[in-house]
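Enquirer: If you look up Swiss-Prot, you'll see 20-299 marked as domain 'Protein kinase'. Under the heading ATP binding site, Swiss-Prot lists V26, G27, M28, G29, A30, F31, G32, L33, V34, K49. Under the heading active site, proton acceptor, Swiss-Prot lists D141. Annotated phosphothreonine per Swiss-Prot: T171, in sequence order, evidence recorded as similarity to another entry. Marked as phosphotyrosine by Swiss-Prot on the basis of similarity to another entry: Y173.
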Amino acid sequence: MADFVKLSIFGTVFEVTTRYVDLQPVGMGAFGLVCSANDQLTSTSVAIKKIMKPFSTPVLSKRTYRELKLLKHIRHENIISLSDIFISPLEDIYFVTELLGTDLHRLLTSRPLEKQFIQYFLYQILRGLKYVHSAGVVHRDLKPSNILVNENCDLKICDFGLARIQDPQMTGYVSTRYYRAPEIMLTWQKYDVAVDVWSAGCIFAEMLEGKPLFPGKDHVNQFSIITELLGTPPDEVIKTICSENTLRFVQSLPKRERVPFSQKFKNADPMALDLLEKMLVFDPRTRISAAEALAHPYLAPYHDPTDEPEAEEAFDWSFNDADLPVDTWKVMMYSEILDFHNIDNSGQDEGPVPPVNN
């Protein structure tokens with residue numbers, strides 16, 4: 001059994017193994033607190049994310065299990081990687097990942113980005129998306145604060161807690177409004193990997209302009225702002241709307257013409273706008289894919305088809321429709337953690353695996 005130390009950070013108890021020292025708070029999310037720390041075993045800086053009460057409800061247990069499975073499966077230079085995971089004596093779960101110095105949200109609020117940085121950041125976002133999409137995974141909550149950057153401008157996508165299987169009948173969810181694809185608001189249940197490309201397009205526009213492109217106050221205002229730039233949705237999109245209330249709302253909006261992107265983004269590179277227009281398309285069926293976007297001339301300085309890998313195998317989503325009690329999720333989680341550490345059930349684990357109360 002590993003030794004643990006208990007700390008209070010922002011009024012939250014952090015229980016970590018003695019391997020990690022010098023903890024400092026770096027961020028607080030809806031589902032956990034993140035601290036930086038020094039890993040004495042590897043002499044590197046790491047980020048430690050505490051999952052708050054992972055076994056409090058079946059929904060939260062499943063969400064935590066999903067994120068753990070994804071982090072174990074996804075191995076790519078532009079996706080955050082898991083270096084350690086452990087369960088504390090209080091049965092909280094801690095994910096340990098590499099530490100990057102900042103995120104895109106902080107960069108965008110501090111200063112305008114130069115052209116070469118915009119290109120390089122967009123290239124890396126799309127390179128990461130190509131990989132996860134090839135594994136049958138949709139991130140679903142891509143936004144600047146979920147895109148980490150280090151001092152070398154290396155970029156990694158993080159926070160896969162909302163990620164889901166690529167499925168044409170996806171269930172509705174709550175993501176960050178500014179970056180939400182219109183098909184989520186219009187059809188709610190029918191969307192796929194194209195939603196991430198829309199989000200990446202919104203982030204691309206924000207890098208070009210230095211401010212959010214579609215800062216809606218609520219979902220109605222959000223959709224209205226989108227139509228101010230893209231015009232009224234085409235008939236092919238309106239036909240996909242299942243909800244009568246949504247259909248009435250869309251039909252009640254004034255008819256709007258598309259605004260030329262060169263008029264909206266007066267100082268932008270024409271090649272950048274050509275790619276942006278292909279990413280911000282109302283109809284997800286005609287929206288450019290991440291793989292196609294990588295080959296666009298705007299990204300030619302970085303594009304290398306021999307170094308833009310796809311996943312070797314699709315992610316196993318067989319657990320995703322399971323409606324299981326907390327104790328079952330707990331056992332499954334312990335099994336995944338043991339597997340991560342390459343320890344079988346008869347071995348001696350370095351971290352605690354508390355008994356499950358049946």
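Positions of Cβ are set from backbone N, Cα and C atoms, glycine also.
Given the structure is predicted, the values throughout are model-derived calculations rather than measurements.
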Enquirer: Let me know the model's mean pLDDT on the domain 'Protein kinase' (20-299).
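Expert: Computed over the domain 'Protein kinase' (20-299), the mean pLDDT is 89 on the 0 to 100 scale.
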Enquirer: Looking only at C-alpha atoms, tell me how far G32 (ATP binding site) is from the residue listed as 'active site, proton acceptor', rounded to the nearest Å.
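Expert: Cα of G32 (ATP binding site) to Cα of the residue listed as 'active site, proton acceptor' measures 16 Å after rounding.
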Enquirer: If I restrict to non-local contacts, at least six residues apart, and a C-beta distance under 8 angstroms, what lies near V26 (ATP binding site) in its own chain?
Expert: V34, C35, S36, A47
Enquirer: Specify the count of other C-beta atoms within 10 Å of the C-beta of G32 (ATP binding site).
Expert: 22
Enquirer: Let me know how many other Cβ atoms fall within 10 Å of the Cβ of V34 (ATP binding site).
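Expert: Excluding its own Cβ, the number within 10 Å is 18.
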Enquirer: Taking the Cβ of the residue listed as 'active site, proton acceptor' as the centre, how many other Cβ atoms fall within a 10 Å radius?
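Expert: Step by step: centre on the Cβ of the residue listed as 'active site, proton acceptor', count other Cβ atoms within 10 Å, giving 21.
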